[in-house]
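Note sheet for the following structure.
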Amino acid sequence: MEEQHRRALRRGRARLVAELRVEPLWDPLEQRGLFTRPMLEELQSAGSRGEQARQLIIDLETRGKQAFPAFLSILRDTGQGDLAEMLIQECESRPLPPQLPDLRPVELELREEKQRKRLPFLTGIVSCWISQQALGIRRNLIVTCPCQDYAMKADPCGHCLIINNVNFSRDSGLSTREGSDIDCEKLERRFRALRFTVLTRRDLKAQEMVLELLKLSRQDHSALDCCIVVILSHGCQTSHIQFPGGVYGTDGKPIPIEKIVNYFNGSNCPSLRGKPKLFFIQACGGEQRDQGFVVHCDSPEEEAPGGSLESDATPFLVSSDKMDEPDAIASLPTPSDILVSYSTFPGFVSWRERSSGSWYVETLDSVLEQYAHSEDLLSMLVKVAHAVSAKGRYKQMPGCFNFLRKKFFFTGH
């Protein structure tokens, strides 16, 4: 979408949320190819009319170059031409030019004696252009810089939602995820021990997953310090902008990880602004099996018991009519205070033992047990990646997308 069109939607968002009648829009939006039926069902589950309108405007920015003119046409066709004209006017108005800081020259005289000792390559007088405003800001930053660790003083320190999908409908073509209950029990115990209020939901369809996530994101987290979401399910690849991959509901319908994360960003969950939001995804990122390459290592290779190793991979093809156009960009602010930990590198399978659970969760639980009271989260995830990558004949490489601004310690520092 063109920048001027995105700007118009953002400037007109308040009026659109207040006045937009969304009910007549659903069918034309699908007929014009702007949204698929599952996308529209998700929008309709956003809550009140105003909340549906807000989410529609946010998502509209990701639907490509033709989304804006098509939306204007739909507004006129549904008797909302006044809103279309408002957007056109906003589109034509120019943004205010940025105000440049006042730059003044500051002369620095370098004496010859000190010059020889410290800066032998400079001679004479050097004139440097330095912003006095920038110097003041820099001094303030140094003086008022906050603590570099997230506060974790609340008790409980936050909510933890675990979605554990084990049994899938026959029509979905997805197998039963044996061993997932073991993963779920481990994580329930671990996060309760780390002072989280844990809520577990089992075998949810895609729409039910969305409703649980929305319910959590709409709670008041003001008195809490953190929020955790864990998803144990089959996974797939999806088109994305920020966070790759998707997870399946038990009905075989996928939900992009990006959509899940965005429910909790600063725009959609104000009471979690500035607080860490952690996502742990035990699901495949694709279908490739990583056989690794030979390296000299001090630790022996761990072979999995024969016949019990399964993957959470599921083929997922995105048709051209469902993919965002190449120029589609994120409609939300760059995520902050968010970390998404994946059980495997995007595009590859994630392995699970029927008897002991997944490699990733088993290792994550062990590392948290040993180090959660002394090390920060990123350091622990490196340990998890190292341990999991050494397992078995087929390889698996966990990874994370980190947008945390500070160090995260479960026990607080």
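Quick reminder: no glycine exception, Cβ is built from N, Cα and C everywhere.
Straight from TrEMBL, the features:
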| type | residues | note |
| --- | --- | --- |
| DOMAIN | 1-90 | domain 'CARD' |
| DOMAIN | 156-288 | domain 'Caspase family p20' |
| ACT_SITE | His234 | active site |
| ACT_SITE | Cys284 | active site |
| DOMAIN | 328-412 | domain 'Caspase family p10' |
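DSSP assigns His234 (active site) to coil in the three-state reduction, outside any helix or strand. Mean model confidence for the domain 'Caspase family p10' (328-412) is a pLDDT of 79. Secondary structure of the domain 'Caspase family p20' (156-288) per DSSP (helix as H, G, I; strand as E, B; remaining residues coil): 38 helix, 36 strand, 59 coil.
Its own atom aside, the Cβ of His234 (active site) has 27 Cβ atoms within 10 angstroms in the protein chains shown.
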